[in-house]
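> Below is a structure I'd like to ask you about.
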Amino acid sequence: MAAHNLCFNSAFVCNVHHQKTQHFPCNAVSKTTSTHAVTFHRRSANYRPPLWDHQYLLSLENIYVKEVETAEKAILFKEEVRKTLNEIEGSIEQLEMIDSLQRLGISYHYKHEIHDILRKIHDQHGEIERETQDLHATSLEFILLRQHGFDVSQDAFDVFISETGEFRKTLHSDIKGLLSLYEASYFSMDSEFKLKETRIYANKRLSEFVAESSKTICREDETYILEMVKRALETPYHWSIRRLEARWYINVYEKKHEMNPLLLEFAAIDFNMLQANHQEELKLISSWWNSTGLMKQLDFVRDRITESYFWTIGIFYEPEFKYCRKILTKIFMLIVIMDDIYDIYGTLEELELFTNVVEKWDVNHVERLPNYMRMCFLFLYNEINQIGYDVLRDKGLNVIPYLKQVWTDLFKTFLTESKWYKTGHKPSFEEYMQNGVISSSVPTILLHLFSVLSDHISDQTLTDDSKNHSVVRSCATILRLANDLATSTEEMARGDSPKSVQCYMYETRASEEEARRHMQSMISDSWDIINSDLKTAHTSSLPRGFLAAAANLNRVVQCIYRHGDGHGSPEKTKTVDYIQSVLFNPVPL
């Protein structure tokens, strides 16, 4: 498999403003065409209107970044932190500071310094465990080196294993070390069974620690570590959205023993300044969305512009990715619209016709479509061609044929699922997953991401030479399964075709609980593959920025679908809290 070729195709409160809630009395709507005296009974998912409407988004104002003094402080603090980072001595002290910078969300200011420090530590790898045999230090070194693409073996933890093959009993009370060990275990790759066993061991002991702590009053110096353990058990840092984690950690960091006040103050100011930038971007994107007028014609689709923008913040929040966020927000909204048309509203005849028109990619065929589909096709056609123009202008390559093809592939899988629903077909688990990795929309998302993000695109990197690139397939598997775990029960209740959980149950006679455990295991295995790609990022011909963004997409997916359908029904999950903390609620200064 050629590592540099990507396969994207079929081979593969703050005063939150709530609109008045609308209620839909039934699950089907009637549609009579003016041309034919035929009445179609169309389904409806009863999606609620947006929680944040256009006027509310336009009213956003971040009071913490208006003062010139705040911006001046940010510049001063930024350089003071840089000076501290460059002057700090001792490997463990350097690792601790890098970890704090990352968790506080300000490490993007010091990418070169961090890389140089980690490269030197990697060149001297093994000194920490040889000198200290400290579980926390060894684990943190392992985490940061793998996180930044340096090669380090799981054998680094062998020094903590007794002659009986188990972790030494003296580690039982080393909660700080066990927490770092637990976090390190999530960087496992395929066949690294020792790390997988380590995860089970650390999880068990940390869970016992939380249970024991609930029976007593924690000392002040234990509060920080207890909160960190609870957070990790809920979501390991490696699987968490970086911006969301930074917002949480800023509040927790001040409880840490020997915390650095300079880092804390700079992190708070920087978070608010970035949040203000994101709010301005969201206003512009909301204005674009409002100007399309689509929601006046397509009242059956999910109006989720804020949620879609939140996805892009999870993928890359840094200022230099403003254009990428704009493009991806548009792609997410296009996917949502088309998914709802295929999944809920369109008739089979309409969907087959629409798929055919998209494959031809010719506006001369638009008159064959019903009116609502004409609008959708022209919207898709114009937006994708504009992206293609931007890439041609900036990078000299015509990507429109590739973009058109990946949308065609996506709609063909949507159509397949619609046929399954109409005919009552129950696919095998393998059949479902072969279709599902494409219908997940990940190949579509990643192709657009690669086109606008990479400076080294070519026909070769976009051509389907490798039938199943590991990055694309692994990310697609995670989104497909995470989405199914969160939404399949509700979708089955409204009569949808079987999802992965049900297909696995039918095929293996497993219980729903067993099937869900299997899906979680597949998600974990997919992360192992992604970890392998991240570990070899420095030698991969794929841009590291692309690999990191793909991993971040998985983090958003698992966050959005952890407690239910956080995109379609955010009010029923924690998505509302997540969005408010990242986009609307500044850090008090």
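Glycine too: its Cβ is placed from the backbone N, Cα and C atoms.
So Swiss-Prot says this about it:
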{"type": "BINDING", "residues": "Arg302, Asp339, Asp343, Arg480, Asn483", "note": "(2E,6E)-farnesyl diphosphate binding site"}
{"type": "BINDING", "residues": "Asp339, Asp343", "note": "Mg(2+) 2 binding site"}
{"type": "BINDING", "residues": "Asp339, Asp343", "note": "Mg(2+) 1 binding site"}
{"type": "BINDING", "residues": "Asn483, Thr487, Glu491", "note": "Mg(2+) 3 binding site"}
{"type": "MOTIF", "residues": "339-343", "note": "motif 'DDXXD motif'"}
{"type": "TRANSIT", "residues": "1-25", "note": "transit peptide"}
> Does DSSP give Arg302 ((2E,6E)-farnesyl diphosphate binding site) helix, strand or coil?
coil
> For Asp339 ((2E,6E)-farnesyl diphosphate binding site), just give me the three-state DSSP call.
helix
> If the (2E,6E)-farnesyl diphosphate binders are Arg302, Asp339, Asp343, Arg480, Asn483 per the record, what's the largest distance between their Cα atoms, in Å?
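That value is 19 Å for the farthest Cα pair.
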> Among the binding-site residues Asn483, Thr487, which residue has the fewest other Cβ atoms within 10 Å of its own Cβ?
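Per-residue Cβ counts within 10 Å for the binding-site residues Asn483, Thr487 bottom out at Thr487.
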> What whole-number Å value do you get for the CA-CA distance of Asp343 ((2E,6E)-farnesyl diphosphate binding site) and Thr487 (Mg(2+) 3 binding site)?
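Thr487 (Mg(2+) 3 binding site) has its Cα 13 Å from the Cα of Asp343 ((2E,6E)-farnesyl diphosphate binding site).
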> What does the structure give for the C-alpha distance between Thr487 (Mg(2+) 3 binding site) and Arg480 ((2E,6E)-farnesyl diphosphate binding site)? Integer Å is fine.
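Between the Cα atoms of Thr487 (Mg(2+) 3 binding site) and Arg480 ((2E,6E)-farnesyl diphosphate binding site), the distance comes to 11 Å.
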> Starting from the Cβ of Arg480 ((2E,6E)-farnesyl diphosphate binding site), draw a 10 Å sphere and report how many other Cβ atoms land inside it.
27
> Note down the number of other Cβ atoms within 10 Å of the Cβ of Asp343 ((2E,6E)-farnesyl diphosphate binding site), including every protein chain shown.
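Its Cβ shell of radius 10 Å holds 19 other Cβ atoms.
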> Which Cβ among the binding-site residues (Arg302, Asp339) has the fewest C-beta neighbours inside 10 Å?
Asp339
> As a test of reading the model: what is the averaged pLDDT for the motif 'DDXXD motif' (339-343)?
94
